[in-house]
Amino acid sequence: MSAPPAGTLRLGSTAPNFQADTSNGPIDFHEYLGNSWGILFSHPDDFTPVCTTELGAFAKLEPEFAKRDVKLIGLSANSTDSHKEWIKDIDEVSGSKLSFPIIADPTRKISHLYDMVDYQDTTNVDSKGVAFTIRSVFIIDPKKTIRLILSYPASTGRNTAEVLRVIDSLQTGDKHRITTPINWTPGDDVIVHPSVSNDEAKTLFPKFKIIKPYLRLTPLEVNNN
Ligand code: BEZ
């Protein structure tokens, strides 16, 4: 099997650094993230309907992300002046107070750096010539490792609850030797990591149950550090 082309981002890649202008002023991306988790999510154009609702929803949920030490940062392939006007609309429509930066990417340099643009078909543009899709979500951990990549079509708004759920799963899995099953939300049983032997599990997760030798479920006690 051949390796992916150089520069192609995958889960486990280091999130490339860049300097950019944003609605909150110039940033160095890695400096902005510092030692926090980050969510970078992108948009092809300002004043687009689906994206307007998404930014408002992320802004309203920002306290939940902050509680988990996650910094939000948007990107849209327009100028900061345009972003600032758009933010007024977003707040008006959503009742939000959007305060995280939105990166200006009028040349799509960062969109290409992060492989957010649909290369499959260069004619895949909307009526204004805007390249689809630039509608990605990246979850980046404090070591700057990419932990999740999602790409959405223009037709379908993202789900902020799902992004938050993945953060909860990743942070829980980093802390305990567990993974999380389908549709897991905090408080549900988790899966004992395959690297944990049954003997170890007896100590780490006294209430674990063997459903199949390869599927062991356990409640996760809050104080189980
Ligand atoms: C939107 O509705 O947000 C949208 C429209 C066209 C292209 C991408 C996004």
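Cβ from N, Cα, C; glycine included.
Unlike curated entries, TrEMBL annotations are predicted automatically.
The domain 'Thioredoxin' annotation in TrEMBL covers 9-172. The active site, cysteine sulfenic acid (-SOH) intermediate annotation in TrEMBL covers Cys51.
Averaged across the domain 'Thioredoxin' (9-172), pLDDT for the predicted model comes to 94. DSSP gives the residue listed as 'active site, cysteine sulfenic acid (-SOH) intermediate' a helix state. A sphere of 10 angstroms centred on the C-beta of Cys51 (active site, cysteine sulfenic acid (-SOH) intermediate) encloses 25 other C-beta atoms.
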